[in-house]
Amino acid sequence: RGSRVSGCGSASFYSCGPRVCIVGSGPAGFYTAQHLIKVCPVLLVFLSKGSRSYLQTSFQSFATTMKSFYICGFFFICPPSQARQDVEVDIYERLPVPFGLVRFGVAPDHPEVKNVINTFTQTANHSRCSFYGNVNVGKDVSVEELQRAYHAVVLSYGAEGNRRLGVPGEDLAGVYSARDFVGWYNGLPSCRELSPDLSCETAVILGQGNVALDVARVLLSPINMLKKTDVTQPALEALAESQVRRVLIVGRRGPIQVACTIKELREMVNLPGTRPEMVAADFEGVTEALKDVPRPRKRLTELMLKTALEIPGEKEQQRRSMASRTWGFRFFRNPVEVLADPGSNRTAGVRLAVNRLEGSGEGGRAVLTGEVEDVSCGLVINSIGYKSLPIDPSVPFDSRRAVVPNNMGRVQQATGLYCSGWLKTGPTGVIATTMNNSFDTARSVVEDMDSGTLDVSAAKSGSQTISALLEERGVKPVTFSDWEKINHAEMRKGEAVGKPREKLLTVEEMLQVARA
Ligand code: FAD
C-alpha cells in the first residue's frame, strides 16, 4: 500500500474511499479500525443436526461445520451504519510496537487476556488497514496535518499519565506510580531504568483496583511462576532477589466499595506461598449490608468475608501456616503523607487518615474521622489511576476530567475529529468496555459519512502526504510486517529460556530488528 492511485474521477489522483486516520494502536485504535473496515455483511446460517438448530456466523469455520450439519436457512445482515466497503484506515502509533496496554499493562501471568492480539493482527493485515509505528503524533506530525490529509481523525492514544496523590513526600525514593512499576516489569521502554528498590519487607499499594492486585500478585508470586511468563528478564532478576514479604492494599472506603473484580481477588486468595492478613473489624455490618448489592459485587464481597473471617479447613490452614508472605486489604484509610527516613530522601512509611463510611452500598462516601495511623514500609506504589494527557494544542481537552470532550466519540466543536477508548471515557473499564466504546465511535464516523455531516466527496491524500512529511522530518515509520520481525525475534528469544517471549527493552533495539 502507499500508492492507492485510482481512476475514480478527474479531480482525484488518490483513491476515492474515505480515509480515516487513527492515533494509537491499543485496543481502542484496533477496535475502531476493525469496526470501520469490517463492512462485509455478516452471513447468518442456520444449521440443523437432528432436531437442534445452531447459529453459525463465521465464514472461516463454515466449511468444516458443513460436513456434519444441514443448512436449514441463511440470510445476510448488514446494519445501515456499517454499509460501506470503501473506508481505508491508517493507524499511527508512537512506539515501534503495537497493542498499547495489552502489551505494556496486562499482567504477564494473564496470557489469555492477550489473545485479543490475534484479532488485532487480522485487522492490521486487512487490505484496507495500514500500521505506521514509531510516529509520535503531536511531535512528529500534528493533528492538524493529519486532519488535512484524512477525512476523519480518531484519537485513541489512551491515558499515559498518572494521577498524583497530592500529598507531601510522594516524590521520595521508594515511591512509584503503578503505571511505571507495571511498565517496568512489562518492558515499557520509558520504564526500563526504574530499578525499584525491593530490599524492604513491607510494601504499601495505594488503591484497590485490579491494577493494584496485579502489582501485589507480581510482588508476591513465587519466582518459578513468573519465570514462565513474559515478565522481562531484569524484572525477573530483581523480583527473585526481592525482600518484600508483606503487601498492604489500601483503600479509602470499605469492603463493599473495592474496585477490583472477583477473578483478581481469587488469584490473591489462592496465590501459592502467601496467606491473607485482614482486619476483622473492617467487616462489621458487611454481611447485613450485602442483601442490597448487585450480584457480582455480592459474590466478590462474600469471597472477602470468607477469606477474612472464616476459620479455614485443615488443608487451607496447613497451606497458610507454611506461607512466608502475606497480603491484606486495609480499608477506610487514605494517604496524607509519605514519611521520609530521617536523614535521607527514602520513604520509611505512610501516614494514613482513618475514615468512616457515610451512606451504604457502592455509593458510600469516605469521611475523615480526624485520626491518623502510620504504617512502616520501604516501598509505596500509587495505584489510584491513570489519566489522559493533551498531545496537541489544537485538540480540545477537558483538563479537569482529563478526557477529550465528546459526544458519542465526536469531539466537540471539531468536525472530522473523533476519539475512542480511555481518552474518550477516562481510564476505567476492561478491554471489552473499550471495545464497545470504540465500536460506538466507529459507528459515529460512518453515520457522519453517510449523512454528509462529514464531507468525503473530495479525495484526500492520506498516508502519501504524511509519509512525505515524516521523511522530511527524519522519522522512519515501522510497518506491521516490521513489527512481525520484532515479534518473531522476541518469541525466539523467549523460547530459548522457556518463556512465551522475551521483550526487546529499548526503542533502538526494536528499530534495529525491524530494519534488519
Ligand atoms: P492504550 O491501551 O493505552 O493504547 C493507547 C496507545 O496509544 C498506545 O499504544 C500508545 O503507545 C499510543 N500513543 C500514546 N500517545 C501517542 C501519540 N502521541 N501518538 C501515537 N500513539 C500514541 N483490561 C482487561 O480486560 N484485562 C486485563 O487484564 C487488564 N489489565 C490491565 C492492566 C493494567 C496495568 C492497566 C492499566 C489496564 C488493564 N486493562 C485490562 C484495561 C485495558 O488495558 C484498557 O481497557 C485498554 O488498554 C484501553 O485501551 P486504549 O486503546 O484506550 O489505551
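Backbone N, Cα and C atoms are what each Cβ position is placed from, and that goes for glycine too.
As written in TrEMBL, here are the features:
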DOMAIN    19-219  domain 'FAD/NAD(P)-binding'
BINDING   ALA28, GLU93, LEU101, VAL137, TRP422, GLY429, VAL430, ILE431  FAD binding site
BINDING   GLN208, GLY209, ASN210, VAL211, ARG252, ARG253, GLU264, GLY429  NADP(+) binding site
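Known features from TrEMBL, placed on the structure.
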| residue | record | DSSP class |
| --- | --- | --- |
| GLU93 | FAD binding site | coil |
| LEU101 | FAD binding site | helix |
| VAL137 | FAD binding site | strand |
| GLN208 | NADP(+) binding site | coil |
| ARG252 | NADP(+) binding site | coil |
| GLU264 | NADP(+) binding site | helix |
| GLY429 | FAD binding site | coil |
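Looking at the residues that bind NADP(+) per the record, GLN208, GLY209, ASN210, VAL211, ARG252, ARG253, GLU264, GLY429, the two CA atoms farthest apart are separated by 20 Å. Take the CB of GLY429 (FAD binding site) and look out to 10 A: across all protein chains shown you find 14 other CB atoms. Ligand 1 lies under 6 Å from the Cβ of GLU93, VAL137, out of the binding-site residues GLU93, VAL137, GLN208, ARG252, GLU264.
For ALA28 (FAD binding site), the nearest neighbour among the binding-site residues GLN208, GLY209, VAL211, GLU264, judged by Cα separation, is VAL211.
Over the domain 'FAD/NAD(P)-binding' (19-219) the predicted model carries a mean pLDDT of 84. Counting neighbouring Cβ atoms within 10 Å of each of the binding-site residues (ALA28, VAL211, VAL430, ILE431), the lowest count belongs to VAL430. Nearest to LEU101 (FAD binding site) in space, judged by Cα atoms and limited to the binding-site residues GLN208, VAL211, ARG252, is VAL211. Note: the CA-CA distance between VAL211 (NADP(+) binding site) and VAL430 (FAD binding site) rounds to 11 Å.
Between the CA atoms of GLU264 (NADP(+) binding site) and VAL137 (FAD binding site) there is a gap of 35 Å.
For GLN208 (NADP(+) binding site), the number of other Cβ atoms no farther than 10 Å from its own Cβ, over all displayed protein chains, is 25.
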